[in-house]
Structure formats: structure tokens, C-alpha cells
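Reviewing the structure listed below.
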Amino acid sequence: MAGDDCVRKRQSGSTATSKTPENEETQRRPEAERSFQNSSNGWVDVDHVITRKMQLIAEAEQVKQFTAVFLLCQQLKPAFMKEVDSHFTEFVNSLVAKSALLDSSSPASLFPASCAEKELHKAKTSRAPPEHGKIFTARRSLLDELFEVSHIRTIYHMFIALLIVFILSTLLVDFIDEGRLVLGFDLLVFVFGKFPVVFCAWLCMFSATVFIPYNLFVRWAQGYSSSSHRAIHSFFYGMLFTLFQIAGLGFGPTYVAVAYALPPASRFIVILEQVRLVMKAHSFIRENVPRVLSSVKDKSGTVHIPRISQYLYFLFAPTLIYRDNYPRNPTIRWGYVATKFAQVLGSLFYAYYIFVRLCIPQFRNSSQETFNLRGLVLCIFNSILPGVLILFLVFFAFLHCWLNAFAEMLRFADRMFYKDWWNSTSYANYYRTWNVVVHDWLYYYAYRDFLWFFGKKFRAAAMLSVFTVSAAVHEYVLSICFGFFYPVLFCLFTCFGVVFNFTLNDRRKGPFWNVIMWTSLFLGQGVIICLYSQEWYARQYCPTENPTFLDYLKPRSWACHVKM
């Protein structure tokens, strides 16, 4: 282990320089102090700390007794008194030193700074053994812990104050222009339109995901051990499951979104649920098939088949990794659930006012202007503020509020849906910490399975394949939801994302690299908001009659001003 190596290096160093005054002082330290410093391999053992506290209390009682004896010896000879006073002073100083050592003990003080940092980094980034997969433990979301600090909660209050400013600005401008208060939310009504179609599509998707993958797995597992042609048996059910994933969950929701001309937000609901259910079904099959194969190989009498209630709980649980059981909380805090759903609703109105005040006035007339480099640069930089605010809202509303609300209703105890991505000094760390739920699925079922199939020497290829799949899925979602193909996000993912992942890697430390990461993130959000908004309005102002398939692929914002 890294900690043991550090200890051995420190011991060998002290042996080589044992004649120095510092090492002589170390050798003269009490044995109890040295043993405490080396306990727990650099980590403070709670039981050991409590035991040492009890020992110090007992020694304090000895001090009291020593003091009483000292007072009785006041009438003895001066030479004897001088010796007693010397022993008393040394005893008290030793007790104070032990108490200070106990109170200030930490991994940084038990080892040299470099070794302590290595051990801390290893503890934070350590994973379960590959054969075990992800291990779920009861833990709170990071923002719930941070909001208990008044300084962090003030930042949350500042965002609420900014929302109030947006509301007042919109109301005042509408009152000046219209002579009355305009309280309509036409944009929200439009983007979430045709909700009955959305609900029916979701109900069909969810019902199919509940019954088809589970029943296919049960029939395969029950017949696998007794089948005389196991390969053909597995291939048949595997093809049925793949057909369901591609045709049932793949083509069906996409057809509904396009054929019924659903508005953007309604399409987002259908397509994101489609992707979520595909990943859930894959995880269920991927986690349970190896257990059946293992039980048949070991010739055990029973084949483990999860209950339908366990599978149903997994479909609602805020995780994409299947387990038969998860850590659960004892109670449900319904007030916490109501607060989180209220914050989701508040975030929707926040996004509404951002688009109304910062985006629509800027892009409404953009297609009437000639496309030029100066206008593009101004558009990108003017889009940074709304882009960053939308980024924060998506993170807060979905990754924190929405997932925590469902976790609380299901008593799901592992709330690590994200980590401290805002402290990232590299894009490699940012990708790991921004969305832990999706990252875990990609790591265990894409990256690690790629290495299992092709070998561990293809790590770079595995990482590149994961980036490509992630970029393709993101671009697929945006293309279906916006109704056009404009691969801005795909290019940012596969080009700049891959380059930054290998250049701004985990070796980059310090505040400077955090500033670089945030700067590039701001610019990326500006590019996304600017180009997609321009293309959206270009397709509204420059429609084509009887569009062909190529018309959906060609960017229309580059030439829309010619047709107007």
C-alpha cells in the first residue's frame, strides 16, 4: 500500500540519519506516542482515540494524587523537594503534550505531507474491486451538507434574489409596453404542450420495460440449465431482448415525438425517459445473467431470479446500476420531498425568465442580419451568461432536487448523484463528478466491458469509444427534441472534449487549472446557446416547402438571411 511505503521510507530515512538531534529527540519520545502516530496506517482509529482519552483521564487523577503528596511534602528537606518538583513538572508537561497530540492528530500530521495527500487522494478515488461492481452506501448529497453552512446558503439566496430581479424586470417592461401587468406564460405553455400524448407514450414505454425484459430473463434463466443447446438458447433470447431495445424502446418513442410534432420540452421528456429505460433494462440483464451462468457452472441447485418487486423498485430508483437491495432510510421526510419538487418548479420559472429576458430578444431578429465573424463572436459572448445560468439550473433542478425527491420517497439512502465538480482542475475529473449516475453506467457497462472484450492494453480506445457513445447519445437527444441535426454538441464532445480530457488530466492541480476549466466551460456554454438558438429561429423564419432528408441535416442559419 502507498501508506505502508511511506512509513517504510520514513523509517529508513530516520535510520540513516539517526545521529541527528531531531532523530535523537524522536527516539526519546514515549513509546505510547510513537505507537499512536503509526496506528491505523495514517488514519485516526476512533476506538484508539477513545482509549487514549480514558488513559489521559486516569493520568489526570494521578496528577491530583501527586499534588496531594506534594503538599504533604512541603515540610521535607529542600534537596528532596527540588527533586520532587522536577519529577512533578516533567509529568505534567508529558500529560499536556499527550493531550495536544491526541487533539491535533490527523493523517497530515501522522505522515509527511506528500504521503498524506496520496492516501487522501486514494481514499477519495478508490473504487470497489472490479468483480464487485459499484458498492452503494448511505450518504447525503453534497449540496444538502453544504447548505447547512450559512456562507454557502447565502449563495443560494443570491440566486433567488436574481430570480426576483428577472420577475420584476419582466413585469415592469410589460407594464410599460402594454399599460397593464401581463402574467401569461405562453412560452411554458408552448414547450410543454400535448401533455396527454407525452403521458401515454411514457406509460407504454414503462409498461413494456416492466414486463418484457423481466419475462425474457426469467424464461431464459429457467430454461438455460436444462437446455441441451445453451448457446442457441441464449442467442435466441438475446436477440429478442436486443430487438425490444432497438425497435420497442428505440424506434417507438422517437416515432411518437416526431409524428405527433411534440414541442421541445415534451420531446425532452419522452426521449430522456427512452434513454433512461434503455439503460435500466441493460443494467438489469447485465447484472443478472452472470449470476445465472455462475450458478449453472457451479452446479448449484437453485438459480437466482430477482423478484418483480425488486425490478420495479429499480426502475423508479435514482440509479442506473441494478442491485437486488439498496441501503434504505428508515423514514420518509415528506416536507423534504415537497421542498425539492418546489425547487424544481422554481427552476422551471427561472429558466423561463432567462429565455424571455436574455435569449429571445437577442435571437429573434438574428436571421435578419448578415452572417459575419463579428456578429458570431458577439453572439457567443452575449450567450455565456444565459448559458451558464441554464447549466446551473439543470444541475440543481435535476441532479439535486429531482433525484433527491425520488430518493426520499423510495427511502433510497445513497444520494451521491454528483460530486464537487465545481472544484475540478481537469476535464477528466469533471466528467467523473458532474453526473455520477450516468458516469457509473458508462464506466461499468461501456468502458470496463470494452476492456474485458478487447483487453486492458486498449484503455485509450475504450475511453475514446465511451466519449463517442456519450456524444452520439447527447446529439441524438438534441436532434430529436429540436427537430433538426446541428452537431455542435457532438463536435464539442468528440473534438475539444477528448483533447481536454487527455491534456487537462488529473496531473493538473492548483487554482490556475480550475480557472482554465471554468473559462472553457463558460465559452462552451456560450457556443451551444448561440448556435442552437440561431438555427432554431432560422428554421422558424426560413421554412422550406416539402423538405427532404438533407434539409434536416444542412444548417439553415448560415444562409437564412439570403431568403428573407
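Glycine is treated like the rest: Cβ placed from N, Cα and C.
Since the structure is predicted, the reported quantities are computational estimates derived from the model, not experimental observations.
As annotated by TrEMBL, active site applies to His474. Around the Cβ of His474 (active site), the same chain contributes Leu489, Phe490, Phe493, each under 8 angstroms and 6 or more positions distant in sequence.
Residues annotated as compositional bias 'Basic and acidic residues' in TrEMBL: 21-34.
What TrEMBL records for 1-38 is region 'Disordered'.
Taken from TrEMBL, the feature transmembrane segment covers 155-176 (among others). If one looks beyond the transmembrane segment (155-176) by at least 6 residues along the same chain, the residues whose Cβ comes under 8 Å of a Cβ in the stretch are 147, 182, 346, 349-350, 353-354, 356-357, 392.
Long-range contacts of the transmembrane segment (188-214) within the same chain: residues 241, 244, 248-249, 252-253, 256-257, 260, 262-266, 269-270, 273-274, 277, 280-281, 284-285, 308, 311-312, 315, 348-349, 352, each at least 6 residues beyond the stretch ends and with a Cβ under 8 Å from a Cβ of the stretch. The annotation transmembrane segment is assigned in TrEMBL to 188-214 (among others).
Residues or ranges marked as transmembrane segment by TrEMBL: 235-262 (among others).
The transmembrane segment annotation in TrEMBL covers 334-355 (among others). Long-range Cβ contacts of the transmembrane segment (334-355) within its own chain (Cβ-Cβ under 8 Å, at least 6 residues beyond either end) map to 159, 163, 166-167, 170, 185, 187-188, 386, 389-390, 393, 396-398, 400-402, 404-405, 408-409.
The transmembrane segment annotation in TrEMBL covers 375-403 (among others).
With a threshold of 8 Å between CB atoms, the same-chain residues lying at least 6 positions outside the transmembrane segment (458-478) that come near it are 268, 271-272, 275, 442, 446-447, 450-451, 485-487, 489-490, 493-494, 497-498, 501, 532. For 458-478 (among others), the entry in TrEMBL reads transmembrane segment.
As annotated by TrEMBL, transmembrane segment applies to 484-503 (among others).
If you look up TrEMBL, you'll see 515-534 (among others) marked as transmembrane segment.
Nonlocal intrachain contacts for the transmembrane segment (235-262), taken as residues 6+ away from its ends with a CB within less than 8 angstroms of a stretch CB, comprise 193-194, 197-198, 201, 204-205, 208-209, 212-213, 216-217, 219-220, 270-271, 273-274, 277-278, 281-282, 285, 480-481, 483.
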